[in-house]
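Below: the structure, in structure tokens.
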């Protein structure tokens with residue numbers, strides 16, 4: 001019985017092969033299921049670690065990024081705006097751009113300062129610059145020279161300077177002339193009436209003379225030196241300065257140098273005759289110069305010296321494309337000089353693309369008013385201005401300059417003054433060349449007491465002994481105001497500038513004027529003193545960024561974010577793009 005029970009206990013149920021296989025397969029599947037579940041969980045954990053939610057990411061970023069103050073944010077915004085504005089096509093010729101030519105070293109000249117000046121230590125040089133209030137930037141800057149004799153000019157040039165009453169160089173000449181004579185590219189910033197013209201005219205004559213003595217210019221060749229000016233009047237004035245120094249050199253036995261005034265309003269045939277004989281020096285306005293180059297009447301193959309006078313006007317929107325076209329015609333490296341009383345950061349950044357290792361010579365802040373001018377600002381109602389003008393003319397003896405924003409005001413004032421028996425002449429862009437020349441020559445000669453003009457006469461024109469400048473209206477741009485009042489107080493003489501303001505002027509313009517008066521230590525009228533001034537709060541931004549006022553136009557009463565000039569130019573660009581898009585002329589092109 002027991003043996004039967006043992007057998008029953010040890011009995012193993014028979015499982016068929018098919019069933020065993022099915023059980024084994026089921027176990028395998030179960031194991032796989034568990035493994036896949038574990039893998040899924042592991043993958044989920046990995047994903048959770050690798051990809052946090054956007055909210056988590058944003059929180060982490062905020063935590064990781066250091067806090068930026070409001071001041072730093074404004075500085076970054078302004079920096080981006082300036083980079084965007086300066087990101088334009090460089091001032092290089094088509095050939096240079098096509099071949100990828102970049103000049104890394106300035107042009108060499110044979111000029112060297114005397115040994116005793118070369119031996120001056122850097123401390124001695126800096127001391128001279130400090131005494132003359134000269135600020136320089138750049139590498140390997142030539143030393144300042146305090147007299148014309150040490151600059152090694154020929155005797156006829158020195159005699160002509162003496163005849164003109166120029167015995168000692170002005171601050172811009174002390175540093176600017178050695179820089180240019182050494183062959184360096186330069187940005188010259190100095191207030192009007194500081195002697196900028198001689199700084200680029202004298203070295204150009206020396207270079208032309210040197211080239212002529214080495215290899216005389218053949219018929220149809222030239223120019224060697226080119227000066228570009230924004231207005232016909234300024235070009236004519238510069239040309240006259242060139243002629244004043246060229247004539248004595250010829251009389252002293254030096255090779256003759258031919259110079260050409262290349263401006264509109266003059267018959268092109270007479271200009272072409274000079275070019276055909278071979279020309280050394282050309283003083284031009286952008287329009288006529290561009291025309292002659294495009295028609296292949298003149299070439300810049302031999303040109304090695306270029307000056308942009310009143311560069312802020314030339315490189316600005318008005319003449320920017322014309323200047324680019326002029327640069328397209330250069331065949332080799334040239335020495336490039338930019339001069340102006342106002343040189344905003346925007347223009348400096350843009351212009352540096354054309355310069356090789358430039359030296360910046362700054363005599364007084366760019367855009368600062370001449371300290372020899374007494375500035376008087378008066379609140380005058382619009383309807384009372386023309387009558388009050390007669391009272392203002394009594395402040396000083398003639399000659400007096402009156403500036404207006406628009407041509408109609410110039411004509412009205414001119415007519416009113418003639419009716420009142422005042423010897424007056426007028427110029428503006430609407431008058432023909434003959435009238436403009438008569439007005440300027442008779443005023444310069446002292447035959448007329450008053451010149452009424454638009455801003456065409458404010459850009460660099462040199463009228464001797466101007467006692468008084470009257471701004472019939474405040475210009476929209478503060479740099480135009482600086483140019484206007486710079487017609488008086490020249491060469492160390494004191495002058496008066498009277499400006500009429502009223503509610504027609506924008507607050508931004510008046511704030512710029514207020515800060516300019518403060519900088520020049522002038523009396524602030526109550527109407528300006530009462531203005532709500534946001535720049536008082538913006539002082540920390542100015543200190544942090546190193547830029548005082550607007551980096552675009554140079555105005556002290558606002559920052560670049562509120563610049564009226566920039567806003568105006570943006571709106572002009574938008575309207576121009578609309579014209580291009582919709583068509584503004586030709587077949588089916590009229591709006």
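Cβ atoms are placed via backbone N, Cα and C, with glycine included.
Annotation note: residue 194 (ATP binding site) sits in a coil segment as assigned by DSSP. There are 23 other CB atoms within 10 A of the CB of residue 194 (ATP binding site), with all protein chains counted. Annotation source Swiss-Prot lists ATP binding site at 190, 191, 192, 193, 194, 195, 196, 197, citing sequence analysis.
The domain 'Helicase ATP-binding' annotation in Swiss-Prot covers 177-361, and the record cites sequence analysis as its basis.
Residues or ranges marked as domain 'Helicase C-terminal' in Swiss-Prot: 372-532.
Residues 111, 113-114, 117, 128, 132-134, 181, 188, 190, 194-196, 198-199, 202, 205-206, 244-245, 248-249, 251-252, 254, 361, 363, 491 of the same chain sit 6 or more residues outside the motif 'Q motif' (146-174) yet have a Cβ under 8 Å from a Cβ within it. Under the heading motif 'Q motif', Swiss-Prot lists 146-174.
Within the motif 'DEAD box' (309-312), the DSSP-based counts of helix, strand and coil residues read 2 helix, 1 strand, 1 coil. As annotated by Swiss-Prot, motif 'DEAD box' applies to 309-312.
Taken from Swiss-Prot, the feature zinc finger applies to 548-565.
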The zinc finger (548-565) - residue tally per DSSP class, helix then strand then coil: 5 helix, 0 strand, 13 coil
Among 196, 197, which are binding-site residues, the residue with the most C-beta atoms within 10 angstroms of its C-beta: 196
